[in-house]
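What follows is a short report on a single structure.
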């Protein structure tokens, strides 16, 4: 039972229940009367799915399966998804829906000491938005070039001076040449900056203009775009899957995908990669999940949403992986057959007069019997070897897939369809990323909320200006730097603090009480132990593994050497390492700075109370679950209180279930007003 209002300073009560006791719940407080809301549940689900399902599902997850044992990696991923991903995703959904604020307001509500977590999320979101929109710009460029027949990357161009094939293209492949020389016009290393790529600069401006126009009215405008951008990629993936299954080599690709190599479970790096993929696939730590859920009705079933979105996300990854492996199987079979026919010309092992009927299996059987008599230039034309040549990240989409689509009949149609799918996948994630920046700022700063349109356009304009870093000739190397280092460590740090805040600062029992008020039923108690121990230890372990890998392996990047016409791994120069460290520190620093700032304010408040002789002894009380009816009765018996004015309750851990109230300043600046329910 909760005490009367004047006694709240000495007793820990659930924040959501305090709001519920007022008779309206979090969704109907005066601060939220003008808060936007989703038009329908479908709109909200599409937004969450659109944000969590992104380009990583199409190229990162298939690549990890390709490199780490196929079916065995999938089983490991599902295991980590269930014990780490879903609980953390549910935690963010529940926190946003309960407190109805962006990431800054949510963590400030739990404790003023933790407001820095939200600011860190905003900075990381901005990092991601900067380079993610560059990938959208690349998709726009390729989609524009897809309206040609033949496709410009189908064959090597001719050198006008020598009337011969361009040497760089002949030494690599038409698709690699088009990507590195025509699209990026890339330098040999990150130290050679080069001039701006004017075409890519224009594409980047178009990408930011699309984002600004789609988000200019907040979720009301972006949600309408989601109906297309979130659904269309699934249509394209199913079309590609059906088309791919008709290709020669598709079954070989699927077998390669699902064949489990259980020995990889003993490799710690595979566990790290699986945990990282779970982490990024659900969009944890960005604040976007919190922002989207904050626009929900207070009694929305966020637990069901967490399970549904996580399941959709995983099934999308499986669907995309099927498509990728079917296409890679066809590519590997085509290359292997080409090898057989090229090497078989004039050799006596070909019994048939038609060389095209010689299969890869027949050739390899002959090769196994006569390999000792053959020279080093004769290879076994292994299909498995071609499948093992995995292409990571952008290379999978802009090199491997473009190579395959050039082999399709009506190749411009398939190419346009594919890059339109990438464009929509990128935009739906981009909307969520920007929402993770704009919502917390507008919730926490009233002035910005009054100028929503100006804030949105200004943010996109700033993103374009800073994004010019990625449109110079060495820009692709900076994209890799931001993708590999600027987001990973800060995001993991953010989620570690988020989990600690809910599990040990606010308290899992209290948090489950809040969820019970919202959902009208109590989630399973297993979440308490997952949040307090399993998730926290898993995230700390991931953070440690990422740091150790960075320290011992050293940051490297893959560069394209124009002379050799091939990729090579290089170490970052000193200034680039300093830039990586600066980006990580800048994104992580709001957490300790926010803690110190809150401590200084609390000390000032203590001094102020001491001078006035009004200081009171602080009590340590066991947390007790609030009874909303009794709280309402006690409140009605207490005269002189301003309607709706609740004292702020912010707790710090003292014991496993004990809390100490921090003194509250009577007046705060407008930008630091309490944004809690």
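Cβ coordinates come from backbone N, Cα and C, glycine included.
Here is what TrEMBL says about this protein:
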type	residues	note
BINDING	50, 53, 57, 313, 425	Na(+) binding site
TRANSMEM	74-95	transmembrane segment
TRANSMEM	116-141	transmembrane segment
TRANSMEM	199-219	transmembrane segment
TRANSMEM	231-254	transmembrane segment
TRANSMEM	274-295	transmembrane segment
TRANSMEM	307-328	transmembrane segment
TRANSMEM	413-432	transmembrane segment
TRANSMEM	453-471	transmembrane segment
TRANSMEM	491-508	transmembrane segment
TRANSMEM	529-552	transmembrane segment
TRANSMEM	572-596	transmembrane segment
REGION	657-677	region 'Disordered'
COMPBIAS	666-677	compositional bias 'Acidic residues'
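Remote same-chain partners of the transmembrane segment (529-552), defined as residues 6 or more beyond its termini with a Cβ less than 8 Å from a stretch Cβ, comprise 80, 83-84, 87-88, 91, 268-269, 272, 275-276, 279, 485, 488-489, 492-493, 495-496, 499-500, 502-504, 508, 511.
Highlighted in sequence order, 49, 51, 52, 54, 230, 233, 316, 428, 429 have their Cβ within 8 Å of the centre of the Cβ atoms of 50, 53, 57, 313, 425, the residues recorded for Na(+), and are not part of that set. Between the transmembrane segment (491-508) and the listed ranges 74-95, 116-141, 199-219, 274-295, 453-471, the one holding the most Cβ pairs under 8 Å is 274-295. Sequence-distant contacts of the transmembrane segment (572-596), counting only residues of its own chain at least 6 positions beyond either end whose CB sits under 8 Å from a CB of the stretch, comprise 113-117, 119-120, 123-124, 127, 190-191, 481-482, 485-487, 489-490, 493-494, 497, 555-557.
Counted as Cβ pairs under 8 Å, contacts with the transmembrane segment (307-328) are highest for 74-95 among 74-95, 116-141, 274-295, 413-432, 453-471. Only sequence-distant pairs (6 or more apart) were considered; of these, at least three Cβ pairs between the transmembrane segment (413-432) and the transmembrane segment (274-295) are under 8 A, so the stretches are in contact. Sequence-distant contacts (6 or more apart, same chain, Cβ under 8 Å) of residue 425 (Na(+) binding site) comprise 53, 54, 55, 57, 58, 229, 233. Counting Cβ pairs under 8 Å to the transmembrane segment (116-141), the top-ranked stretch among 74-95, 274-295, 453-471 is 453-471. Taking a C-beta cut-off of under 8 Å and a sequence gap of six or more, residue 313 (Na(+) binding site) has these contacts in its own chain: 49, 52, 53, 57, 281, 282. Long-range C-beta contacts of residue 50 (Na(+) binding site), restricted to its own chain and to partners at least six residues apart, with a cutoff below 8 Å, comprise 226, 229, 230, 428, 429, 431, 432.
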